[in-house]
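A.B. asks: Below are the features listed in TrEMBL for this protein:
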type: DOMAIN; residues: 7-116; note: domain 'Epoxide hydrolase N-terminal'
type: ACT_SITE; residues: Asp181; note: active site, nucleophile
type: ACT_SITE; residues: Tyr315; note: active site, proton donor
type: ACT_SITE; residues: His371; note: active site, proton acceptor
Amino acid sequence: MASINEQPYSISIPDSELNLLKKKLELSRFPDELEGAGWDYGVPLPHVKRLAEYWKDGFDWRKSEAALNRLPMYTRDIDVEGFGTLNIHYVHQKSDVANAIPLLFVHGWPGSFIEVRKLLPLLTAGGSDHPSFHVVAPSLPGFGFSQAPSKPGFKGPQYAEVVNKLMLALGYKEYVYQGGDWGYVLAQHVVTHYGHEHVKAWHTNMPVPKQPTLFKNPFLFMGMFFLSYDASSMKRVAHTKQQHLKGTGYFNEQATKPQTIGYSLADSPIGLLSWIYEKLILWTDEYPWTDEEVIEWISIYWFSRAGPGASTRIYYELTGGMTHDTSHGTEWSSVPFGASYFPKEIIQLPKSWSHTIGNLVFEADHDKGGHFTAFEQPDALAGDLRKMFGKGGPAHGVVPGKNGY
């Protein structure tokens, strides 16, 4: 079990690190760019130059650091079988509502704990017309201000062990789960290993179903023959095919040679900036990013405890170096499951297939939003969680004694 050693945490980046970053930005060397290339070849040069200049001379890290430190942040040692002890950073915002529902929020890549910031006031607010939540948002091992594993083989079961032990250590023996990106993938592992006993229900904003099979999903399988008449399903499949064709180069690199790309991410702030900024723009639904938001987001990676290269290893570990899919080792579970669909999510498949993921009890469709839903559309995501877990919702009262009111 997790040891009882919670410590309040404040970010405090040394001046020497800030000075080194500024020096690296001053010495940056940019590539050339083809005339009229736009976004076809990657992030346009003027975008990167503007952001680099702002990072060097306009961005106030100390201001962002002070704002981040207003979040209730802590660290705690978590023992992981076969991997020793990892010091884990997390946000823990409790509601004033005594019967609030414990909710574990898990980020992905290139996200971090910052994605929960806009959700906290919405989810922890009390009210007679909606449930309230105690929210726990860890930095995954190797991300943000959490310690990284020091040897290979830290896979889905180990990530699941970390976040489950964290919830138990905080006194939440039973809880619900929300996640997108790797947060979705890890939910499958958490539910496989700790479903029903600890995880009472879960929700994702990035459902990635498997194609139905005749033996496991006979009715869904037969339904595939009618997809040609379903314009919505065909549009979703076409979107995913295009993403697979033109938007997965980063995935293949990080899933096969994370150490190689790690040198660029760890040593070059321009390399890190362009690698992540591309996703922030292309994976969102015309979200009006400010330069301050972009650089704050990327600075968390630059100043992360293990360095920005460490976060990419999750791709290798959870795909076995591209030898299996990310759900390897997980099982379909009858734990209540909810899915929200956003139009610019990077992976979109027929909604009916979501039944292959788990015991689908809640669905919500939205006309605005992309991959970073908690950051782009916090009201919509919070609203879905309220509907799923609130009075009259399909997962109301799943945590005994903690109905949210």
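Any Cβ shown, glycine's included, is placed from N, Cα and C.
Keep in mind the model is a prediction, meaning the values are calculated, not measured.
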A.B. asks: I'd like the Cβ neighbour count for the residue listed as 'active site, nucleophile', meaning other Cβ atoms within 10 Å of its Cβ, all protein chains included.
C.D. replies: 25
A.B. asks: At the level of the C-alpha atoms, what whole-angstrom distance separates the residue listed as 'active site, nucleophile' and the residue listed as 'active site, proton acceptor'?
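C.D. replies: Here the two Cα atoms are 8 Å apart.
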A.B. asks: Under a criterion of Cβ-Cβ distance under 8 Å and sequence separation of at least 6, what residues of the same chain contact His371 (active site, proton acceptor)?
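C.D. replies: When sequence neighbours closer than 6 are ignored, His371 (active site, proton acceptor) has Gly180, Asp181, Met206, Lys279, Trp283, Thr284, Phe342, Lys344, Glu345, Ile346 within Cβ distance under 8 Å.
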A.B. asks: Cβ distance under 8 Å to the residue listed as 'active site, proton donor', same chain, sequence separation 6 or more: which residues?
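C.D. replies: Looking at Cβ-Cβ distances below 8 Å from the residue listed as 'active site, proton donor', excluding near sequence neighbours, one finds Trp109, Phe251, Gln254, Ala255, Pro258.
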